[in-house]
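K.L.:
Pasting a structure below so you can have a look.
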Amino acid sequence: MKALFFTRMFTLMVSCLMYLSIVKEDNWFGYVFIAAGAAMYAANHVLLTKETNAIWFCLIDIAIGFSFGFIFPGTGLFIIMLCPVAVAFFLRGFPKRTAWSVLCLSSILFLTVLIRTYAMFGNEFVIDHLTSMTFVVFCGVVGKLIRKLLDAQDTAKQQFQELTESHLALSAAHQELHLYAKQVEELTAIYERNRMAREIHDTVGHKMTALLVQLQLLREWQKRDSQKADETVGVCETLAREALDDVRLSVRTLQTENDPSLIESLKQLTEDFCKNAGVTTEFAVSGDPAIIPLSLHPTLIRTVQEALTNAKRHGGAAACSIQLACTTDSISLVIKDDGKGNPEAALGFGLLNMKKRAAEHGGMIRFESERDQGFTVNAEFSLANKKWSFGPVQQKESLS
């Protein structure tokens, strides 16, 4: 751009100097006009670099050029002046409407110069002027192409800057995602450790505590009553066996939790329970289980495990049924056994733990028990809205 700047100024000043060679010595008006034109060209050349009022400075340059052609009709030097003016005009990138208006005005001025030239010299210089004007057109095309090239460079720079900013933002997002994934992994590991610790504490830990109490009681009964001691030994064996069963069932449940298919996990769990406990178990599913969130799978599996264990251990059930219903709004899980039932029973560790797991997911569990009519676990999980509810075991004991 600097080269074009100085070349334009050099061309205009040289053209003005060449006009001095054709002016007669007694034509003082010609000298004054050339000096004024050169001064205005120089001033406009500096002012044209500003963004404001650029169109007016271009119009002044065009008017000065055609004025030289009108004042000195016997030479085509004014066309040389118009060449850098045309380049500068199209280089500014004016709107199409403005450009066409200026072209129409320039055509009128050029036609005026041609008429004056024809009136004074005939066809001698008119044809030369028309031929030379093609160079002005060529310079205008060159200026337009340079403007497009500069616009393309500006667009490329802007796109490169945007691409660089996007790359930096993407790198930062990738780093944040990596840190987030690491945090999720750590939190998942902590959650699993806490969950396993809670399972051990609430199941095996409870049994081992009861076993320790019975062993301490056994020591006292050995000194006082051998029959009571034998009964206590039987209780200790039962507690130890139940604790071992809890450990085995917990291990199998943890293995099934890693299975991506919830239905297959529940089927395997009920099948193992049927084989080990000798309880007839029925498992039914309605709706599409694919809508169940993965985060809810362990809770459903643990709920079924705890309900089946209680059915055999506390209810002495011979048959159990599991019904899983899936809708777009909620998940319903009902486990019912045909055990002896106990409507007056308080919530033990297993049932309380079951309610805690459901509450973590905004679910609700109700326990229904009727004497000699078994025990029912009703679990509801809303997929649209979370709901927290608290209440005791519902009693349905008949007065017979």
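Each Cβ is built from the backbone N, Cα and C atoms, and glycine gets one as well.
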K.L.:
Taking Val85 first and then Gln175, would you say Swiss-Prot puts both of them on the same side of the membrane?
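P.N.:
According to Swiss-Prot, Gln175 sits on the same side as Val85.
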K.L.:
Tally the residues of the topological domain 'Cytoplasmic' (24-27) by DSSP class, grouping H, G and I as helix, E and B as strand, and everything else as coil.
P.N.:
0 helix, 0 strand, 4 coil
K.L.:
What is the number of residues in the topological domain 'Cytoplasmic' (83-101) that are helix, strand and coil, as DSSP sees it?
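P.N.:
Helix, strand and coil residues of the topological domain 'Cytoplasmic' (83-101) number 15 helix, 0 strand, 4 coil.
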K.L.:
For the topological domain 'Cytoplasmic' (83-101), give me same-chain residues lying six or more residues beyond its boundaries with a C-beta closer than 8 angstroms to one of its C-beta atoms, as numbers and ranges.
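P.N.:
Sequence-distant neighbours of the topological domain 'Cytoplasmic' (83-101): 4, 7-8, 11-12, 48, 54-55, 58, 61-62, 65, 135-137, 139-144, 146-147, 150-151.
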K.L.:
Between 0 and 100, where does the mean pLDDT of the topological domain 'Extracellular' (49-61) sit?
P.N.:
75
